[in-house]
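Q: Okay, here's the structure, questions in a sec.
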Amino acid sequence: MSMNSSKQPVSPAAGLIANTTCQTENRLSVFFSIIFMTVGILSNSLAIAILMKAYQRFRQKSKASFLLLASGLVITDFFGHLINGGIAVFVYASDKDWIRFDQSNILCSIFGISMVFSGLCPLFLGSAMAIERCIGVTNPIFHSTKITSKHVKMILSGVCMFAVFVAVLPILGHRDYQIQASRTWCFYNTEHIEDWEDRFYLLFFSFLGLLALGVSFSCNAVTGVTLLRVKFRSQQHRQGRSHHLEMIIQLLAIMCVSCVCWSPFLVTMANIAINGNNSPVTCETTLFALRMATWNQILDPWVYILLRKAVLRNLYKLASRCCGVNIISLHIWELSSIKNSLKVAAISESPAAEKESQQASSEAGL
């Protein structure tokens, strides 16, 4: 199969320059791109430091696997800001003249691969985190004995490799990534849908993203319900409530941020794939949906920066003082692991625990 696009590298940019209907202000866009990239890099760097410190603290506990996956997600967001933001700033600074600086279409391909990878990989990792927490809450004994850091690292590597495969799939199929109508970013072909393959890449991307969001929503719902049931049924194990509350708030925040930021872009890509050249989606709509998606990489780290136990405790105290409510005893914020409380509750209700208690009592009688 011959690659016509590689023989005529100028045509992708040339066609868009001639027919562009979506323009952006260069100076303003460069300024905002630099601000977005800087804030994203600093936020993710701070979140990485916090998560790594927490991982060292909980290395031997059930929360370590959650922190390891969360660190992978934030690191992915960090490199997404670094690579995509750096290329975007360069494109704006070069007056979006792709013919001059990317005649071979190499930079556009790198940009497109990075966009797909940095978009799907955090969604996949968010789903993996939701599944891991769901198992850890609903079956804590299995989680603590069978799911080790080695397994989590293998899952993390597998998720990243699959995201890389999806990102390079068009290149393997001899399809170049295309410069979009705004001439500021590269992605799958969205302007002139030619055949089923163009539709497939867009639908596949949207399907995987929406599937990841659906899995996260389902698992987080099960996790939240289970934690609430444990909280109300096991009042004697009050020391675990701090991590219960911290986990519920973080999981809900991650899910809400991902859904709000990514749903418009995923639905927009699916709409373009289904309707093809007759799609009512405009360049401005696509660009707005893309900017919404990029906010996910900025907001993700703040979930782990702000929604920590120490911060929530201070916010609770501040809110109580502002509202004039007496601060109740904050025993719910005592240091403990969710593993301990859930494991005690699970063991106390299991048949094996009853047998062990009977054996212990018989031995004591002897």
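Here the Cβ of each residue, glycine as well, is placed from N, Cα and C on the backbone.
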Q: Can you sort out which of Cys108, Cys283, Cys322, Cys323 is the disulfide partner Swiss-Prot gives for Cys186?
A: Cys108
Q: Check the candidates Asn19, Asn277 against Swiss-Prot and report the one noted as N-linked glycosylation site.
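A: Cross-referencing Asn19, Asn277 with Swiss-Prot, N-linked glycosylation site lands on Asn19.
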Q: Where Swiss-Prot splits the chain into topological domains, do His143 and Lys309 land on the same side of the membrane?
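A: Going by Swiss-Prot, His143 and Lys309 are on the same face of the membrane.
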Q: Of all the disulfide-bonded residues given, Cys108, Cys186, which has the fewest Cβ neighbours within 10 Å once its own Cβ is left out?
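A: Each of the disulfide-bonded residues Cys108, Cys186 was scored by Cβ atoms within 10 Å; lowest is Cys108.
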Q: Please identify the stretch among 32-55, 70-90, 199-224, 251-267, 286-307 with the greatest number of Cβ pairs below 8 Å relative to the transmembrane segment (110-131).
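A: If we count Cβ pairs closer than 8 Å to the transmembrane segment (110-131), 199-224 scores highest.
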Q: Using a threshold of three or more Cβ pairs below 8 Å, and leaving out pairs closer than 6 in sequence, do the transmembrane segment (286-307) and the transmembrane segment (32-55) count as in contact?
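A: When sequence-distant Cβ pairs are counted, the transmembrane segment (286-307) touches the transmembrane segment (32-55), since at least 3 lie under 8 Å.
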